[in-house]
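Single-structure report; data block below.
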Amino acid sequence: MSEPAENCSPRWKDEAIQNGYIPSYLDKDELCVVCGDKATGYHYRCITCEGCKGFFRRTIQKNLNPTYACKYEGKCVIDKVTRNQCQECRFKKCIAVGMATDLVLDDSKRLAKRKLIEENRERRRKEELQKTVWDRLEPTQEEWDLIRMVTEAHMATNAQGNHWKQKRKFLSAAGVKEDKPEEIGQASMANTPEGNKVDIEAFSQFTKIITPAITRVVDFAKKLPMFCELPCEDQIILLKGCCMEIMSLRAAVRYDPESETLTLNGEMAVTRGQLKNGGLGVVSDAIFDLGVSLSSFNLDDSEVALLQAVILLSSDRPGLSSVERIEPCQEEFLLAFEHYINYRKHKLAHFWPKLLMKVTDLRMIGACHASRFLHMKVECPTELFPPLFLEVFED
């Protein structure tokens, strides 16, 4: 077997090194219009070789043409042999064939152009990298199964499904007035300080739907195997912690900009004022603000379901004994959630972090409601509170 030759390289590479790079728009045998050497492309509006391109650029950038002087009265023939013998005639021929002095950039413009090219190159690199990231982060088969499971759990426990607009009834139809408490009539108002007044009639309407709303949250949780595998005590803590947050989320995603109402439990459409007067006070503002904000997100059922699962499996609820089991469950949903968002809405900048911030908003609503609940117990007759409502929200 013969030994390989030293410095061997493919023939095409040797030819490329010898001939130089030729753009695809040039014929293979195209010649420089200044000196007749092999052309390498359009330079300053003419087809030239690299040598004449560089000569012309240096002449303009350094303003050298006044220093050029021909020894033969400006009548030199310029070709690839004589081009370096007379700079004046070479420059005159550059001008004569049409090379444009205005296309030669000075140092500052050249640096700016180079910077722009580098920035564009870096931008394209990042776009390609981002595209690769999005492509790579499509949910795995296991994550798709998790998404399908939690979506089915949500839809099975979500009152009226996607037909809530057709099925809803406005609270005003039940004879409950709205907005200013003083317009509702003092007879129906609990005797409490201004700003904390509760419309007893509205509150009694809300209590009719609160038990089925809570029951649906519990049913949703019980459809998640990882939740059911937790100790009973931890299940209770998680449900008590997330119940108001999930009910608020379910109401917020049913905000209707046209009527400026939220639909509670898929059936009762209420205004901001009615919800406030019905017992929630300032908490109603937070829920409505969340609804207004979420209306621009156009969340689908899977996104709402995943958001609920993340809220349910919050391992920082006080009193939990199985934090080390709950944390991985929440992480599993978070990762599937992120991949699902990246897969579906990768063209929307910062969509995932903005959506994740809504978890913080919902936690704030839950905390505010816990404080508000103490006032409601003072303001409203005890017999109006459904047993399940008290069981969930009392410490």
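Just so it is clear, glycine is given a Cβ too, placed from its N, Cα and C backbone atoms.
Sequence annotations record features per position, and here Swiss-Prot assigns region 'Modulating' to 1-31.
The zinc finger annotation in Swiss-Prot covers 32-52 (among others).
Through the fold, the zinc finger (70-94) approaches residues 32, 34-37, 46, 49, 51-52, 55-56, 59, 64 of its own chain, all at least 6 residues removed from its boundaries and within a Cβ separation under 8 Å. Here Swiss-Prot flags 70-94 (among others) as zinc finger.
Secondary structure from DSSP puts R216 (L-thyroxine binding site) in a helix. Residues or ranges marked as L-thyroxine binding site by Swiss-Prot: R216, N265, H369.
Taken from Swiss-Prot, the feature 3,3',5-triiodo-L-thyronine 1 binding site applies to H369, supported by similarity to another entry. In this structure, H369 (L-thyroxine binding site) is part of a helix by DSSP. The Cβ of H369 (L-thyroxine binding site) lies under 8 Å from the Cβ of M244, S248, L280, V283, F393, each on the same chain and at least six residues away in sequence.
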Local Cβ density at R216 (L-thyroxine binding site) - other Cβ atoms counted within 10 Å: 20
Neighbouring C-beta atoms (10 Å sphere around the C-beta of N265 (L-thyroxine binding site)): 24
Whole-number mean of pLDDT values that fall within the zinc finger (70-94): 94
